[in-house]
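If you check TrEMBL, you get these features:
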type	residues	note
DOMAIN	42-334	domain 'G-protein coupled receptors family 1 profile'
TRANSMEM	31-50	transmembrane segment
TRANSMEM	62-84	transmembrane segment
TRANSMEM	124-145	transmembrane segment
TRANSMEM	166-187	transmembrane segment
TRANSMEM	219-245	transmembrane segment
TRANSMEM	285-309	transmembrane segment
TRANSMEM	315-336	transmembrane segment
Amino acid sequence: AQAGLGSGYSLAPLCTVCCCGVLNRTLAVAFMVSLAFAIVVGNVVTLTVFVQTRQSRTPQGYLKVSLAIADMMVGVLVVPFSIYTEISLMVTTTPPVWYQGTSTSPANSSSRGGLVSPWQPCMLIGPVFAGCTFVSISTIFLMTLERSVAILWPLQKDALVTRRRTLFLILFSWASSFLLALAPLIFSRNFTLEYNECSRMCNYTPLMLGGHLPPDANILLLFPAFDFTLLGGTLAVNIVSFTSIRRYSQKRKLLSEGSLSDGGGGGGGCPHRPSFSDIKAAKTIGILTFAFTASFTPIAVFVLGNVVGYTWCNFSFFAFWILTGNSCCNVIIYSVRDHRFRKGVTLLFQRDQSPPHGEKN
């Protein structure tokens with residue numbers, strides 16, 4: 001890589017303890033297989049419950065299905081490809097064409113400004129991982145908006161949040177997310193996608209020009225900027241919703257202590273108060289937001305350091321796989337927080353068990 005800096009080669013970081021060794025790779029493969037199994041099985045169960053439960057065919061249910069599909073794509077495409085690459089590196093002596101430092105050539109880099117030719121699998125896997133990440137945060141943002149409408153304007157909820165509008169917003173979030181995921185390839189010729197030996201995933205890599213990063217390397221900052229903008233909006237909407245929930249809770253407490261007559265619009269049985277299920281759903285989405293923020297923050301720190309010029313090999317492995325592990329967290333949160341989801345899972349597995357002979361259904 002050092003010899004090819006002037007010709008457009010990407011700079012491959014030095015192999016560290018986290019990235020080398022047969023035992024280390026074997027443990028990594030075992031971890032990846034377990035994670036892929038948990039992601040796929042958990043999200044298949046989630047999708048099955050929401051599809052077969054009539055009560056889940058609501059705008060919130062559609063958003064949860066969109067989130068589950070994005071998570072499952074990570075478990076079906078992204079993680080298995082890392083497993084395949086790691087096994088290939090253990091059983092063969094020649095790294096695959098998409099491995100770090102082997103996906104560019106001086107001719108292709110100098111003549112086309114850094115675009116990769118021929119096509120290789122990371123050109124698909126990398127944008128899929130980035131796009132699914134953006135879909136997840138945009139879906140959580142839409143779920144937060146939907147719950148805030150149910151809490152702040154419960155009487156207008158059915159008129160404001162319709163199935164058609166929800167489906168349109170879901171399609172828009174998918175299209176815009178994957179367009180953003182392809183932005184470094186669309187707006188610049190100084191980037192390539194290759195399997196990074198540190199993160200063990202397909203990542204965007206700026207091509208070194210004369211030993212320095214290209215002038216448009218900061219285009220990668222679009223990724224954390226987009227996510228933190230939506231996370232900030234989600235946090236702001238959650239604060240407004242929880243403030244309203246707290247106000248209603250205090251008023252209900254005062255009413256239960258003896259102030260049973262309330263001439264205002266917030267009496268104990270007033271129809272415009274949010275329901276208990278709406279309040280609990282808002283709290284569940286708040287937990288989803290916190291979990292995604294905690295899993296995405298290391299990636300944002302890594303991207304910022306990468307643009308500045310730091311490699312952080314060991315840190316990049318943990319950052320990318322913490323974010324990947326978030327894809328199996330949603331089903332756990334639903335199982336703990338949503339009694340309807342738990343009931344749906346119970347009914348799903350009970351259907352597979354045939355009743356005893358002679359017993360009526």
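From the backbone N, Cα and C atoms, a Cβ is placed for every residue, glycine too.
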Who are the long-range neighbours of the transmembrane segment (166-187) in its own chain, taking Cβ under 8 Å and residues 6 or more past its ends? 59, 62-63, 66, 115, 123, 127-128, 130-132, 134-135, 138-139, 142, 146, 193, 204, 216, 219-220, 222-223, 226
In this predicted model, the domain 'G-protein coupled receptors family 1 profile' (42-334) has a mean pLDDT of 81
